[in-house]
């Protein structure tokens, strides 16, 4: 019978079309259920990896899911029928650890994908901790057998390996992952690989399951140019291939808790090829240790200019995971700043969040090849004070004096120096044994001091649960929980992390808290609480606390702002010794460096003067507590503009002058500056007058021209903004009152009134109305009379007069007419009336045109004489008085 197969939603179900109908349907259904269960179990186990960390602790990892998700929910609950509280936790990474489990209880583990408010099933599995532990032991045993088989099946050239399962019926080799080899090439036969490639040496890493997880072709990974070094480039040593840990098969069999941090120099002086030797040294150093979450933890940081944590103490829980991470370290490059790296270890890698445990011994292994560009003494001292045991390893050009400052005592155990990177291989075995011995010695000493062998009860217990609260700028409260045995006293030791003389406080054994006072603000402090028993002091409970900053000033207020000053006030602060105010003008070029004012604590209101007008200022105020300062409080305020003149207006606008008037805005005005220019920007002029003057006459202007006039007030501290006004001069005026005063023979005398004081010339023209030659005469501008010569008799003339000015402008002309006909006197003179003081006379006009009549009179006795001229041409009557 030929079975037909189809897949339904990822679960494989076998359907037989030609099945014997005599077989019971229940058997078919049972077969389908069994196959479905086996496939689901295999799929789930492929997604989930479970690792037993301790008697009640389980770590789980699963394959990261791509796509849109908000994290994972992990649900662990006992199998049905067991009344026990289930455990639910959420995580953003594909890894979680569950504690408090029973080793013999069966649990159901479920992984759910979170997407908004929805949950999607991802994986599910049942487990028992003891069963998982047994499976793990079997895998470890199988892994040893696989290693022996791998060692015995290598080809002559190291290019053919057999990883087939001896228990499997399959004849196909298992798939091996090889660097820089495509998947299709991996499936080629070993003979073909041997024919097409050069001889290669291979490094193999075996994981916990006993299967080969990585096959590294180290010769292939190196660039061709670096495989062989020429004589002229022999500065870097020849780099051997990266094999698993070499040397003796020493194993550090310890179950005690220890935190080991490795700090490696990744500066440019190392070089990429030598950095491979550093990685090999790390593999040899780490391999003998059994890494576990409840045992030895290993973290690593690489440094040059800026430190970079490669992984923390709580990142990896097995030795193989750490070794795999070592091979993935990328060379950093940069300068050598060892002190900066030591500070990074202290502030970041020794934190509980990074996996550091307060009850575990701390070890630091430093590897460097040069002298630091910063001072390492203080940084190393801080680590030692925190109980960190430091091993210093120098290579090549490492400064031995600097290494002695870093390494712990005794130096014969903690200081190591080799001349070449290739010698690190021989050092790794010795250093591993020393480190293992130190861990063992410290653990043994701790047990002998704290344990009573007969009963197993802790003899000198350490207090627990160090809590720092009520954090202030100069103090904080340190509290702890008493140990199971009553201490006689507690000794609290504290000091700044950056290094100062330690201080201590001793309190009674009944006390579980103390306030540490007289601290520095914004400072990190190391502290330890030591229980003091009768004749013995227990181990210290250690912690780190950071004081806060002093609070900033309250109610900072700026008021009474003028053009060159402002007042500043604030609420007084308790404990302040002084106040400091910094003020700086906001300028685009950044040239203002600002000024500082300090006042004693009794003052909380000051005035700052000498400011620039119309300028923005940033004011920053601090409270001073000795040499320390509070948090700053900042405000911004602009000074007022300098007051300009007020009520600007014009009077007496003429053709060449304008009178400008204003009112002074302030008594502090030193002078007024008047700037005037034509509207098209030509011929700008400026004049300055004293501060008490309120008007000025602008002269020598051009007629019929628009002017823009700006007026500013000048102060000792600056100049006000201008106020402006527009003026337009008038047309030049003509002369006036043109008349003939005398005609004699052929000469005619005329007079007029001046047009203006700036006339430079008068132009006179005359011509006979009946036709004839036009004659002209120019007279100086200061003259007001002229004689016209060569006139003919018995002709009528037209005479015109115009004025020429400084700006070349010419006025309109005024005109009169005059005839030179013969002159007959008036006739028929009569006295028509008289009074005691006047006479009224009349006469007849002559035939000629008359412009004026001149009347002269005198008494008969000659005692009184008079004369009058009548301007009315048609008049023939007048009164003499």
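From the backbone N, Cα and C atoms, a Cβ is placed for every residue, glycine too.
All TrEMBL annotations are machine predictions without curation.
Computed from a predicted structure; not experimentally measured.
Per TrEMBL, the listed range annotated as region 'Disordered' is 222-244 (candidates: 222-244, 245-267, 268-290). The residues of the domain 'Fibronectin type-III' (462-552), classed with DSSP into helix (H, G, I), strand (E, B) and coil, number 0 helix, 49 strand, 42 coil. Across the domain 'Fibronectin type-III' (644-735), the model assigns an average pLDDT of 91. Helix first, then strand, then coil: DSSP counts for the domain 'Fibronectin type-III' (644-735) stand at 0 helix, 46 strand, 46 coil.
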